[in-house]
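Enquirer: What follows is a single structure, and I will ask about it in a moment.
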Amino acid sequence: MHLKTLTIKGFKSFASSTTLRLEPGITAVVGPNGSGKSNVVDALTWVMGEQGAKNLRGGSMADVIFAGAGSRPALGRAEVSLTIDNTDGALPIDYTEVTISRTLFRGGGSEYRINGSPCRLLDVQELLSDTGLGRQMHVIVGQGQLDAVLSATPEDRRGFIEEAAGVLKHRKRKERALRKLESMAADLARVADLTQELRRQLGPLARQAAIARRARSIQVEVRDATARLLADDVVQAQSLLEAGDEDKEALARRRSAVEEAERVARARLSELAAIETTSAQRLARAGRTWEELTGAAQSLGALADVAGERIRLLASAPAPSHGTDPEELERRAEAAGREEAELADTLEAARTALSDATRVRTDAETAEKAADQELSAAQRRVSERRETIARAGGRVASARSRHEASLAALEQARSALRAAEAREDSARAALAEAGGQAEPTEIASGGAQDDAGAPGSASAQAGAAADAAVRAAAAHDEATRHLAQAREAVAAATDARREAASDRATWTARRDTLAMSLRGQDGTAALLQTGIDGLLGPLAEHLSVERGWENAVAALLGALAEAGLAADAEAALAGLAHARSQDIGAVRLVLADDPSLGAAGTDDEAEPAPVDGALAARGLVSPAQPGRLEQVLDGLLKDSWVVEDLEAASTLRGELPDAVVATRGGDVLAPGWVAGAGRGASSVLELTAAHEEADTETAAAAQAETEADAALEEARRQEDAARQALSEALSALRQADAEAARAAEAMARLTSAAHAAAEETGRARRVLERAEAESVQRTAELAAATAALAEVEDGVGDAKDGDGAGPIGGSGAAGASGKERPDSLERALEVARQEREAAADAARRARAVETDARLALRTAEERERSSRGRADSLRAAARRERDQRAAAERAQQRRSAQLAVATHVRDQAHAAAETARISVQQATDERAAIEAERSQALAATNEVREEIDQLTKELGSLTDAAHREEVARAEQRMRLEGLAERAMNELGLELDPLVEEYGPHMLVPELIEDADAASVSDSGSAADQDTAQASVGGAGHPGRPYVRSEQEKRLAKASRDLARLGKVNPLALEEHAALEQRHQFLAEQLADLKRSRDDLLSIVEEIDTRVQEVFAQAYEDTARQFAAVFDRLFPGGEGRLVLTDPDDMLATGIEIEARPAGKKVKRLSLLSGGERSLAAVALLVAIFKARPSPFYVMDEVEAALDDTNLGRLLEIFTELRRSSQLIIITHQKRTMEVADALYGITMRDGVTKAVSQRLAQPDRGTAVTPDA
């Protein structure tokens, strides 16, 4: 398994999609500082699930998205895809290649994918956990993390080994199991409380179910008696309906006779109406005829008037007028034709002149263009000559500059050699001087000489530093102890908070259960829920009873303990009326304000107790609101006492025969009767008090939980303070260790300075040699360039420029000398310039002539267009004038004809109008006769209508009588329907089956109540067996006749028996079954929760065992590898891993002991910077070898190492690449030499790009560096 490709898009500085193709072995990533090399490491870390923005060197996770740079705008998302070669099946997935992708959107959304399928972060972590990759990411070592590995806590070092060993997924399983156990504890307590409360409720509900069975048997009696009484009522109602049939028939006969007379009268009325209608139609026709004749007479008169006006207008019409003479228009047309011909000749001459001017202008422009070309050629020849001289001069200047630079470099190299030799001598002298001292002296960081003073001063400083280190170690131990105490306080506060939460859950469950138990199901509870004004709620909620005496007071109050409270009598009566109208069952109400109790009072509280332990009941009860219910309680608990047990109650009854005594358990002894509470019964007052107590305890538990949260927060704050103090003590300890370590590092610094000075001297000598050789070369180049410039200026060096014939070789001046050529070129340039100006003037003049000719042509064309068609227009005008004169003559002839027609029409209209006036008079006479005939018909119609009105009145009287009879019958039918509805609602029977089975004609069987009770009772119920007595006569008893009074008595007796049972819960049977089923369900759930808890505990135990085994083996292997690797990196040194608590393999940390050769210190803080880096690398390499991972990424881990230690580390890298893939971010050339492939990282305009180079490795020990 190895990393195959890494594709980065929009991540940090990678704006464009960049794919890095990785190969097995060592891949080195190189590039300048700030180019984005470490962003490659961050991309690998991020795609494998890193969630900390600080670990990605950012302030928030949105910082990983490309923010824009230069001309590149910011992107909206970052996406990284990592492809892993899984040919060996190291990953538990059935793919040879696995691609893990992570995308983050700027809006905050993110997603993970495995091979393109969406997944969760947990899926990615679990997929990689089996290969040693986990939350600690120990396989990725970023910049500056080596020191963090050494300064990590022992527990963090344990995390590195656990991650490499694949223990992380087992830890996560244990954490999930513990979280489930923590959440299960509250559920377990709640279910246990609910189960116990349901068990307490089952007993009272079972007794209610038995009463409900007894009530059912009595209801059978009520049903039978009610059915027989209803059947009797039905028979009586049916008899009354049959008695009214004869009266109905007589009324029907009389009504038929009156209806016949009315029909005859209405027929006569119809005839008269037809006559009236005919007269009306004739009258309407006569009216229309009169109107038409009148309109015709008026129209004819108007026509005669119009004809007269027409005659007047035609006689006075004016004579037509004429325009210009057509002959004059013809003469004008001939003159216009001659003018058009003259303009055509002028236009042709203008066109010829324009053609000549255009030809002259073309010739002038051609000459101008030839002159331009000749001028350009002359200018080009002069420019080429000047450029040749300038190039030669530039070569001389460049050669002179390089020569001067080589001389300066030579002098600089000589100075550097002298300085290097001086520093080498100083370093050797300082090393020789320090070698004779007992203690190493401190060397200043900027130089190589000892400036610390005498050996005694160095010894004093070393002793003071050692004392400071001892004091800092003691302070660190004290801070560690305080942190442990703070952690214990946090654990205790956490336990207290968990216990408070459990108590709150327990009391909340008890309060909810009691609240359900207090919800009444009887008529009183239903009435109180209607919201009627004046009903104040249950009485129990308005009373406060001394704790422990609730059952006794409830027994004394009896049924009123479950009663409601009404403000006054008016509200109570309104509630009773509503209960009766809605049939919601029996209700009980106590009046809070009863005037009849105004004078009542009791002195029970003031009376001494007649028996020791006896208490007046009134003194134990007080209203919830003082000043209210006082008088009511005085009346209800008058002469009432409470005692502990029945023996005390019997004694008190002997002292006070009229008193009512109740025991604490709820038993009552009263004059003439006693009552027992029964085992396990709880009264309403007791349940109310328990509910109030649970409510109070719930609030207290919530307060306790809040206080526990505050205490936990305070404990955590103190823990943070202790952790901060520990951090400060650790910093002080490290500072003291560093002060002590400086003395130990002095000799190493001097030695390193001496070696560096010697190497610098050698390099300076090599630089001087190269500078001397380069100076000689630059001197020769300057001489050659100076000679070339002289040849060019003399005109004989053209061939050396490499330009062929030379800059002026083609000018035609072959016989001129070199010194004369520049003057002749200038003269030729001036002649060409003058010729070009003359040609330009000629071209301008030709263009002006052409423009004038073109304007003359346009003027002639315009005059020709304006005169074109004028002659034709004049000829057309002459034609139109002749046509207009002919049309005027024809119009005069038409007017004469129209005058004759109008005269004839006027005469005929006068005659027709006279005839129309005679016809109008005749139509008027006919209309008057028709109106007289219609008046007679109307009089006869009125007489018939009066007759019809009298018949209608009589018919209405008969209808009213029939209606009254029908109403009486309807009332009987309604009564019968009411009886039918009642029978259906109460008995579920229709009328016919009801009369057939329960009618008065049927015999009433003897002892039917016992037989019915036995038939409906439950065979397994003892209560029903008591009510179902054996029938004396058996099923064949003949019975007795129906007597209504006996059945009424029977119904009353059954009703009284049902009332004596008291409040009956009709749903008790169903509620008991449901409650029992719920109790069984909760018991099963409780058992299931306990089994789940045991399973989780066993899982935790198995995980602990597995973690111990895996970690122990991984620790042994890592410790063994660490000792071996440390010996290789520190020849002659000693390093080992030590467990902080070997007895607890689940929580023990790991300490590192490291002692380089020649030193006695084992504390890591006393090591030098390079030694600390090597020690951290040794730990990581030990983990890598003990539990190999498919790949490792290291970011500049060798930056602080010298050549010797770097060589040792590279040898280990070479061994690691045999089993794992290594990706190394480096600046070291030797690290690049051992790499199999190189990736160059560059940045331009804020955007990172990558360039790859695969290296040939013929010999694994020799690297071939690619040519840059």
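Every residue, even glycine, has its Cβ placed from backbone N, Cα and C.
Positions annotated as ATP binding site by TrEMBL: Pro32, Asn33, Gly34, Ser35, Gly36, Lys37, Ser38, Asn39. Taken from TrEMBL, the feature region 'Disordered' covers 316-338, 355-402, 428-460, 796-836, 858-892, 1013-1049. Sequence annotations record features per position, and here TrEMBL assigns compositional bias 'Basic and acidic residues' to 329-338, 358-372, 818-836. Summarising the annotation, TrEMBL assigns compositional bias 'Low complexity' to 390-399, 1013-1026. Here TrEMBL flags 476-503, 694-753 as coiled coil. For 533-653, the entry in TrEMBL reads domain 'SMC hinge'. According to TrEMBL, the compositional bias 'Gly residues' annotation covers 804-815.
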Enquirer: What residues in the same chain, six or more past the boundaries of the coiled coil (476-503), come closer than 8 Å to it by Cβ-Cβ distance?
Expert: 182, 185-186, 189, 697, 701, 704-705, 707-709, 711-712, 714-716, 718-719, 721-723, 725-726, 728-730, 732-733
Enquirer: Could you tell me which three-state DSSP class Lys37 (ATP binding site) falls into?
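Expert: In the DSSP reduction, Lys37 (ATP binding site) maps to helix.
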Enquirer: For the compositional bias 'Basic and acidic residues' (358-372), give the DSSP counts of helix residues, strand residues and coil residues.
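Expert: So the counts come to 15 helix, 0 strand, 0 coil.
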Enquirer: Might you list, by sequence position, any residue in that chain lying six or more from Gly36 (ATP binding site) with a Cβ less than 8 Å away from its Cβ?
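Expert: Once residues fewer than 6 apart are set aside, Gly36 (ATP binding site) is near Lys12, Ser13, Phe14, Ile1241, Met1243, Thr1248.
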Enquirer: Hey, for the ATP site built from Pro32, Asn33, Gly34, Ser35, Gly36, Lys37, Ser38, Asn39, who else sits with CB inside 8 A of the CB center?
Expert: Ser13, Gly31, Ile1241, Met1243, Thr1248
Enquirer: Does DSSP give Pro32 (ATP binding site) helix, strand or coil?
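Expert: Pro32 (ATP binding site) sits in coil per DSSP, no helix or strand.
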Enquirer: For the domain 'SMC hinge' (533-653), what's the model's average pLDDT?
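Expert: Taking every residue in the domain 'SMC hinge' (533-653) and averaging pLDDT yields 73.
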Enquirer: Please list, for the compositional bias 'Low complexity' (390-399), how many residues fall into helix, strand and coil according to DSSP.
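Expert: Taking each residue of the compositional bias 'Low complexity' (390-399) in turn, the totals are 10 helix, 0 strand, 0 coil.
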Enquirer: Give me the long-range Cβ neighbours of Gly34 (ATP binding site): same chain, 6+ apart, Cβ under 8 Å, in sequence order.
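Expert: Sequence-distant Cβ neighbours: Met1243.
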Enquirer: May I have the DSSP-based helix, strand and coil counts for the residues of the compositional bias 'Basic and acidic residues' (329-338)?
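Expert: Its residues fall into 10 helix, 0 strand, 0 coil.
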Enquirer: On a simple 10 Å Cβ count over all chains shown, which one of the binding-site residues Asn33, Ser38 is most densely packed?
Expert: Ser38
Enquirer: Check each residue in the chain of Ser35 (ATP binding site) that is at least six apart in sequence and keep those whose C-beta is under 8 Å from its C-beta; list them in sequence order.
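Expert: Once residues fewer than 6 apart are set aside, Ser35 (ATP binding site) is near Ile1241, Thr1242, Met1243, Thr1248.
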Enquirer: Across all chains shown, how many C-beta atoms besides its own are within 10 angstroms of the C-beta of Pro32 (ATP binding site)?
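Expert: Excluding its own Cβ, the number within 10 Å is 12.
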Enquirer: What is the number of residues in the region 'Disordered' (355-402) that are helix, strand and coil, as DSSP sees it?
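Expert: Within the region 'Disordered' (355-402) the tally stands at 48 helix, 0 strand, 0 coil.
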